[in-house]
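Undergrad: Supplied in structure tokens, the structure appears directly below.
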Amino acid sequence: FQGGDTCEYLLSSGRFLGEKVWQPHSCMMHKYKYSEAKNCLIDKHIVFIGDSRIRQLFYSFVKLINPQVKEEGNKHGNIPFEDKSASIKVDFLWYPEVNGSMRQRIKSWTEGSVAKPHIIVVGAATWSIKIHNGSNEALAQYKINITSIAPLLEKLAKSSDVYWVLQDPVYEDMLSESRKMITNEKIDAYNEAAVRILNSSSRNSKAKVKVFSVSKLIAQETIMKSADGLHLPESSRDTNAMILMNVYCNKIMKPIDGSCCQPQPPLTLIQKIAFCFFTLSIIGYLIISLIHRNNYRKNKPCADLESGEEKKPAISTSNVSTLEMLLHSFCKLGLIMTYFYLCDRANLFMKENKFYTHSSFFIPIIYILVLGVFYTENTKETKVLNREQTDEWKGWMQLVILIYHISGASTFLPVYMHIRVLVAAYLFQTGYGHFSYFWIKGDFGVYRVCQVLFRLNFLVVVLCIVMDRPYQFYYFVPLVTVWFMIIYATLAIWPQIVQKKANGNCLWHFGLLLKLICLLTCIYFLSYSQGTFEKIFSFWPLSKCFELNGNVYEWWFRWKLDRYVVFYGMLFAFIYLALQKRQMISEGKGDPLFSNRVSNVLLFISIVSFLTYSIWASSCKNKTECNELHPSVSVVQILAFILIRNIPGYVRSVYSSFFAWFGKISLELFICQYHIWLAADTKGILVLIPGYPMFNVLVSTFIFVCVAHEISQITNDLAQIVVPKDNSTLLKRLLCIAGFFSGLHLFSAMQDQSRH
């Protein structure tokens, strides 16, 4: 389904999500702050012409620029507004009827060198119905007057944005006696006449007066709340003003979550090069496939009629060449990236705003938990945080985070605080997993580092190129990448202390603890020294990776939010492996982790701690204050969960294969959601099938999960080719990668220069 003209949809159609949130058909509406409105309308002149309903719209519009404005002044007279700081002028001109006076005012802007308003909003009819008691003669005169005004509006529309506001319905039961003649039947007749005349006039002109008909739809839902049956309630007027702001400002300000009226961004130089590369990969793969097919046909086994045996071909086609595997991977990746681009950069598919309700978050959570429990299997090993268990943990956390994002649950603070713990738990696993590997294996080789960095960053680098987004935009990958390098540096620098060395002399354990204390000191210092942190990451080339919107503040904020949890993960791994080595814990199948008494006490403490944290998080009133405490206290719930999950032997011996399957592709799921499940860089929801929200989510989710799984396979295949085990070959590949990023930087600089 094509997105179509989103401006047309914004002005003409939509629906309410809940009671107050308006959702335009097919696109997303940005909620403008007064600072953004000022920046958009700087040096602009806006005019509202009409009756008391237009006056209401004028005040709602002005309040978007200055919220302190009060609705004062002569109700039946002109009302000026000026913001001198931004040189914005907004005028309301009292012309309650479409007549000669209104025509003369509009005509004055079309003559000579008179300064024309940048935006003109016109509308009137109810006074004509009221004064002439709803007579047919008044309607006929209204048609004549609009016919004479329409060419003037069309002429103005060549240089200004002109909107004709259709009349909203009334709530007839609430109208006073003096307004009883204003019926919805009469209003429909006047609206029909206005639309017909304006549309017929615009057929002969490239310029077009935009008909603001969406106000009618909004009024149909809200007019019952009107104070007098005629004028809209304040929330509805504010929605109309916000729609006007989106129509004019989205193409200027280009907000991420305002897809309505935004033109498709032009392809950058890097995107064009990427498109050519993927096209050549697809062509290359097809050529190789055709050659292999022809060779297979030539060497196809044929039956020997005399002996009844099958002759085998002389050439074996079972071994797939590295080149073919490479082209095959890039061919699939090219098709997938095309889908990414079409979903979130081209105006092909619809996008909608998120709208949070408790049911939209908690019902899917219950559903996936039931599914997860249903797919329960025995683990291959019963160690604490074994591979199946960590995959399961990643899986259910990722599914909860996905539901959190698509439901817009970030607006509900208790849910937000619990999701922050899940993100912290991912980082805890990063500290635990990488520390355990280096401590046990003692492998600090370049191959291991390159494998991890490639698997973490491959998809994000491709998306930065294809979707024209900075590396820091996908904040979680930079976060785990930097923490991996910190863990590696901490353990790899002299003296290298590993388990094998420490077993020979207990003093090495103290040496490792000293290293961890130094790491903690550095973390503490950087978290309270924003200037030092920003200086470190503002040096080239780090600045190219970690800047967002021209500074590294976002990166500092993300890093600071979970600054201690990786350290906690490393410390937990060290303590656990030490206890395991000294056989102080029992990890047999069905056995509790400690003695019955100790296990019961720890289990009780863990459950109480877990619930205490949840109660604290649910009672949060201020996000900033809770975020300040989060880095220090999030580990409480993480450790409580680990102990609850591992102390009872029967719980440690089973896992959910459903959650574990998702856990294996959790990184790809987290990154892919940005563009092919959500929309507008996570700010909205992708709509493949409009009108059927549940069916749309099912279809888009199925495609999204399949794509994430496929990308995981592609990454694994390419990792084997790009990062070989042979050191000399690996060095050559690293030089090629360095050349690739140098070229990317050069093209990026050329892009920036052309933009400026």
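Cβ coordinates are placed from backbone N, Cα and C, and glycine is handled just like the others.
Unlike curated records, TrEMBL annotations are generated automatically.
OK, TrEMBL features for this one:
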{"type": "DOMAIN", "residues": "22-92", "note": "domain 'NXPE C-terminal'"}
{"type": "DOMAIN", "residues": "253-734", "note": "domain 'Cas1p 10 TM acyl transferase'"}
{"type": "TRANSMEM", "residues": "269-291", "note": "transmembrane segment"}
{"type": "TRANSMEM", "residues": "355-375", "note": "transmembrane segment"}
{"type": "TRANSMEM", "residues": "396-417", "note": "transmembrane segment"}
{"type": "TRANSMEM", "residues": "452-468", "note": "transmembrane segment"}
{"type": "TRANSMEM", "residues": "474-494", "note": "transmembrane segment"}
{"type": "TRANSMEM", "residues": "506-526", "note": "transmembrane segment"}
{"type": "TRANSMEM", "residues": "561-579", "note": "transmembrane segment"}
{"type": "TRANSMEM", "residues": "600-617", "note": "transmembrane segment"}
{"type": "TRANSMEM", "residues": "629-647", "note": "transmembrane segment"}
{"type": "TRANSMEM", "residues": "659-679", "note": "transmembrane segment"}
{"type": "TRANSMEM", "residues": "685-709", "note": "transmembrane segment"}
Undergrad: Let me spell it out: take the transmembrane segment (561-579), skip the flanking residues so only those 6+ beyond its ends count, and list any with a Cβ under 8 Å from a Cβ in it.
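TA: Distant Cβ neighbours of the transmembrane segment (561-579) are 384-385, 420, 423-425, 427-433, 435-436, 439-440, 479, 483, 486-487, 490, 499, 509, 512-513, 516, 519-520, 523, 526-527, 585, 627, 630-632, 634-635, 638-639, 642.
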Undergrad: Under 8 Å for C-beta pairs, could you tell me which stretch among 396-417, 452-468, 474-494, 629-647, 685-709 has the largest tally with the transmembrane segment (269-291)?
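TA: Out of the listed stretches, 452-468 contacts the transmembrane segment (269-291) most.
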Undergrad: Do you know the DSSP helix, strand and coil residue counts for the domain 'NXPE C-terminal' (22-92)?
TA: 22 helix, 19 strand, 30 coil
Undergrad: Top stretch among 452-468, 474-494, 506-526, 600-617, 659-679 for CB pairs under 8 A with the transmembrane segment (396-417)?
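TA: It is 659-679, which has the most Cβ pairs under 8 Å.
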Undergrad: On average, what pLDDT score does this prediction assign to the domain 'Cas1p 10 TM acyl transferase' (253-734)?
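TA: Computed over the domain 'Cas1p 10 TM acyl transferase' (253-734), the mean pLDDT is 92 on the 0 to 100 scale.
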